[in-house]
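> Below are the structure tokens for one structure; questions will follow.
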Amino acid sequence: MKRIAVLTSGGDAPGMNAAIRAVVRKAISEGMEVYGINRGYAGMVDGDIFPLGSKEVGDKISRGGTFLYSARYPEFAQLEGQLAGIEQLKKHGIEGVVVIGGDGSYHGAMRLTEHGFPAVGIPGTIDNDIAGTDYTIGFDTAVNTAVEAIDKLRDTSSSHGRTFVVEVMGRNAGDIALWAGIASGADQIIVPEEEFDIEKVASTIQYDFEHKGKNHHIIVLAEGVMSGEAFAQKLKEAGDKSDLRVTNLGHILRGGSPTARDRVIASWMGSHAVELLKDGKGGLAVGIHNEELVESPILGTAEEGALFSLTEEGKIIVNNPHKARLDFAALNRSLSQ
């Protein structure tokens, strides 16, 4: 394989640029040419494809976001979109593709491989919700950004004797909430993976104020549960009498210079993705498990270790969905006594 391409797709995540840099420089060291694709699969279909060299990725390792831009392009799920993208790949002499993104991005990589264009997926999302890896690129940075913000909110919360509900991203996964909540000393953490009793949450706030001598209370809420405003309304309906404020950290968690950990795992996975393509392997996703590099088939059976399977009706299902560490939820409860 002499010429490959790299793209980023879906939501941006700190560390994507580090992964792009690794793909480009590793490929060049192996005697391969690299092309960048702007705006993910949308750019592939539009032919927004251009050469990338070492100079183009210089000084990118410390930058957040993705300099290749990103976009969601549901049309690529259809055969017409796939064939249009493949036509552009052929036009530019591209033989393989590295795809950095989440589940939807992996589905595109799977389709490319089926059409004879080996594609390798790299997990890039702050949500840390992709099967086949313990950590995704961007997660560590997002957690650190959340902790910094919660630490600052604690200052104002304690100054005014208030309760703060801090909503964090994560889609349907509670990883950011759990890790940031523990690291910031949150009083309560609410995640989608665990049922909660709103009346117990309210009574815990009251008990902390009246019997523990606390003058403030921090609740970290994963967005997959409900919005912070809706949660606050339910708290009041459950009898909470505290001076309550809501802060949604929102997209700030996607930005910022990536942490050292995100830069390292992005570089590690990007380099390995190139090695796989060099060997002509596609339809695989790179990941980290027990601090070691792993690779999994994107499509296949659960017994084969594949991330996704197809039902008889042609529906894509996740074989081993990512699960947040609920032992961390128990840990935080024991530490917030």
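One-based numbering along the chain as shown.
In case you wondered, yes, glycine gets a Cβ from its N, Cα and C as well.
According to Swiss-Prot, the record shows the following:
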type	residues	note
ACT_SITE	Asp127	active site, proton acceptor
BINDING	Gly11, Arg72, Tyr73, Gly102, Asp103, Gly104, Ser105	ATP binding site
BINDING	Arg21, Ala22, Val23, Val24, Arg25, Arg154, Gly185, Ala186, Asp187, Lys212, Lys214, Asn215, His216	ADP binding site
BINDING	Asp103	Mg(2+) binding site
BINDING	Thr125, Ile126, Asp127, Arg162, Met169, Gly170, Arg171, Glu223, Arg245, His251, Ile252, Leu253, Arg254	substrate binding site
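Can you walk me through where each of these features ends up in the structure?
Neighbour list (Asp127 (active site, proton acceptor), Cβ cut-off 8 Å, at least 6 residues apart, same chain): Gly11, Gly102, Thr136, Phe139, Met169, Gly170, Arg171, Ala173, Asp175, Ile176.
Gly102 (ATP binding site) carries neither a helix nor a strand DSSP state and counts as coil.
Secondary structure at Arg25 (ADP binding site), as computed by DSSP, is helix. Within the same chain, the residues at least 6 positions away from Arg25 (ADP binding site) whose Cβ sits under 8 Å from its Cβ are Ser54, Val57, listed in sequence order.
Sequence-distant contacts of Asp103 (ATP binding site), defined by Cβ-Cβ distance under 8 angstroms and a gap of at least six in the same chain, are Ile130, Val318.
Under the three-state DSSP scheme, Arg171 (substrate binding site) falls in the coil class.
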> According to DSSP, which of helix, strand or coil covers Ile252 (substrate binding site)?
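Reduced to three states, the DSSP call for Ile252 (substrate binding site) is helix.
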> Near Lys214 (ADP binding site), how many other Cβ atoms are within 10 Å of its Cβ?
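A count of 15.
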> Counting distance between Cα atoms, which of the binding-site residues Arg72, Ser105, Thr125, Arg245 is nearest Lys214 (ADP binding site)?
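Checked the binding-site residues Arg72, Ser105, Thr125, Arg245; minimum Cα distance to Lys214 (ADP binding site) goes to Arg245.
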> Give the maximum pairwise CA distance in Å, whole number, for the residues Thr125, Ile126, Asp127, Arg162, Met169, Gly170, Arg171, Glu223, Arg245, His251, Ile252, Leu253, Arg254 listed as binding substrate.
32
> I'd like the Cβ neighbour count for Arg72 (ATP binding site), meaning other Cβ atoms within 10 Å of its Cβ, all protein chains included.
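Taking every protein chain into account, the count is 16.
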> Over all shown protein chains, what is the count of other CB atoms within 10 A of the CB belonging to Gly104 (ATP binding site)?
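Gly104 (ATP binding site) is surrounded by 17 other Cβ atoms within 10 Å.
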